[in-house]
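Structure first, then comments.
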Amino acid sequence: MKYLYVFLASLKAKLIYRTNIVLEYGLTILQVGVSIFVWEALYSQKALVVPNYSLEKLNAYLFLANFLALSFSVAPAFRLATQIKSGRLSTLLERPISLYGEHLAYFIGDQFLGIVINLCLVVYFGSLSGISVLMLLLLVIYLAFAGVMFFSLMMILGMLAFWLIELWPLRSFVTACYLLFGGRYFPLSHLPNKFFIVIQYNPFSLVTDIPARFLTVGLSGYELMQYLIVTLGWTFIFLVIYRLILKHGLRLYEGVESI
Amino acid sequence: MMRVLSCAWDKSLKQFMIYRATGWLTFLLAIIFYAIEYVTGYVYFSSNTSVNGWDRTDYLVLVTGISVMVSAYNFIFILGHEELSELIVDGGLDSLLLKPLDPYWSVMLVGFDMPSLIELVVTTAVFIYLLQNYTLGIIKVFMIIWALIMGVMMIFLLNRICICFNFWLAKASSLGGVIEDLTSMLSRPKVFFPTIIQLVFTFVVPVLTVTNMPVEIIKGDGSVKELVYFSIACVALYYLSRYEWNQGMKNYYSAN
């Protein structure tokens with residue numbers, strides 16, 4: 001019940017302070033545009049062509065990858081990091097509410113708009129590619145699990161604030177990883193095969209590259225189940241690491257604003 | 001002023017020496033960003049043909065030049081700007097305003113970011129190494145250095161203008177990262193973009209000029225005239241940013 005209140009409060013806050021929404025969506029559209037322009041230049045001069053991807057499919061892929069990245073956002077990491085740095089984590093720790101649960105409820109409320117938009121995109125591109133309703137449902141379930149996995153990873157990254165003094169390098173690092181491994185610059189399958197075999201299972205690509213590939217080039221149900229199992233594996237690992245790091249971090253934590 | 005600056009330098013150096021592990025972690029995180037841009041350049045130009053007049057070395061010089069400018073900005077200005085964002089929103093600017101220093105600049109005295117200094121050294125070394133591929137006269141070298149310095153100032157001014165929007169907008173937390181995101185997105189050759197985007201980001205928000213000017217000079221497409229226009233734009237933006245700061249001061253409510 002208490003988590004429902006957190007969810008509603010965060011949803012309300014998101015809708016009231018609309019500047020952030022405008023900025024976020026504006027920047028995402030620009031990022032999509034930039035990636036598409038670069039690839040159009042490369043395609044038109046025949047300098048580089050991604051196998052299996054026509055220009056329209058590539059554009060659809062980049063559009064999807066970037067918009068999925070918008071709702072699987074890195075914001076929880078920084079919200080937690082700011083709470084740790086400012087000492088406001090103490091108030092949260094004293095309450096009869098799980099830290100993970102509070103942040104998850106806040107995250108869902110914050111991203112509710114993005115989640116709705118992404119579901120519409122999934123339906124639209126799914127029907128465009130002629131994918132059956134059952135497979136689309138499977139994709140939605142996959143996305144739900146991938147979301148929880150990604151959120152757990154963000155919580156772990158946020159807890160680096162127990163050790164880091166400045167937070168802005170975290171932003172650079174996470175953005176860069178997301179751009180490369182999340183397939184937001186180019187489809188991950190374009191990397192040389194020996195890299196791709198290992199990298200395709202990293203958490204960033206599981207969240208954006210896989211669904212985008214599913215909706216453009218297509219994946220078999222068997223492959224999707226494979227990725228789903230890897231996702232569950234990551235979620236389990238992240239939850240274990242989360243508990244460990246929280247315990248160690250709280251030992252260092254002073255509860256007052258540092259530096 | 002010099003004494004205050006050397007005090008800030010001492011403090012930053014000591015802080016880096018004390019928290020060595022986090023300092024190096026910071027450097028690592030920042031350099032990974034640059035490395036990923038470099039790798040992406042290799043992917044885009046993996047067939048090593050020229051696209052719209054740009055080949056792989058040009059693109060890598062572009063990415064490295066931007067890294068040099070961004071790490072120089074980070075080294076000098078980023079700690080001050082992070083602090084300024086928080087102070088404006090929390091209403092804590094009083095400590096700045098009461099000192100006998102110009103508050104517009106004195107916020108920079110929070111400190112210098114040492115890991116960015118290391119990144120600056122590394123990226124400058126790579127930049128100079130890549131420049132071996134081009135023939136440059138002494139005039140061009142001066143033009144490049146001037147373009148890099150103007151680029152850093154422009155990044156500073158654009159960030160300051162964005163942060164000062166916090167005087168009027170409530171809870172616009174993404175404002176701090178807008179220019180950083182724009183710079184990384186627009187670190188692509190200008191000719192790849194459609195004309196309207198080129199126009200907007202050259203004349204309205206000159207991020208594209210900042211990212212592309214050094215490479216244009218290196219390739220021989222940049223003229224002294226463009227550099228002069230760019231410098232004039234910098235000065236004009238400085239006065240705009242001062243004006244915005246003064247207006248913001250009128251709007252400012254102290255929390256004390």
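One-based numbering along the chain as shown.
Placement of Cβ uses the backbone N, Cα and C atoms for every residue, glycine included.
Bear in mind that TrEMBL entries carry predicted annotations, made automatically and left uncurated.
Among the features that TrEMBL reports, transmembrane segment is placed at A:21-39 (among others).
Look at TrEMBL and you will find A:59-82 (among others) tagged as transmembrane segment.
According to TrEMBL, the feature transmembrane segment maps to A:103-125 (among others).
Only residues 6 or more beyond the boundaries of the transmembrane segment (A:131-153), in the same chain, are considered here, and those with a CB under 8 A from a CB of the stretch are 72, 76, 103-104, 107, 118-119, 122-123, 203, 206-207, 210-211, 214-215, 218, 221, 224, 227-228, 231-232, 234-235, 238-239, 242. According to TrEMBL, the feature transmembrane segment maps to A:131-153 (among others).
For A:160-181 (among others), the entry in TrEMBL reads transmembrane segment.
Packing against the transmembrane segment (A:224-245) from elsewhere in the chain are residues 100, 135, 138-139, 141-142, 145-146, 148-149, 152-153, 155-156, 159, 162, 201, 203, 206, 210, 214: each is 6 or more residues past its ends and has a CB under 8 Å from a CB in it. If you look up TrEMBL, you'll see A:224-245 (among others) marked as transmembrane segment.
Remote same-chain partners of the transmembrane segment (A:59-82), defined as residues 6 or more beyond its termini with a Cβ less than 8 Å from a stretch Cβ, comprise 24-25, 28, 31-32, 35-36, 39, 53, 88-89, 103, 106-107, 110-111, 114-115, 117-118, 121, 125, 128, 146-147, 150-151, 154-155, 157-161, 164, 167, 170-171, 174-175, 178, 182-184, 187, 207-209, 211-213, 215-217.
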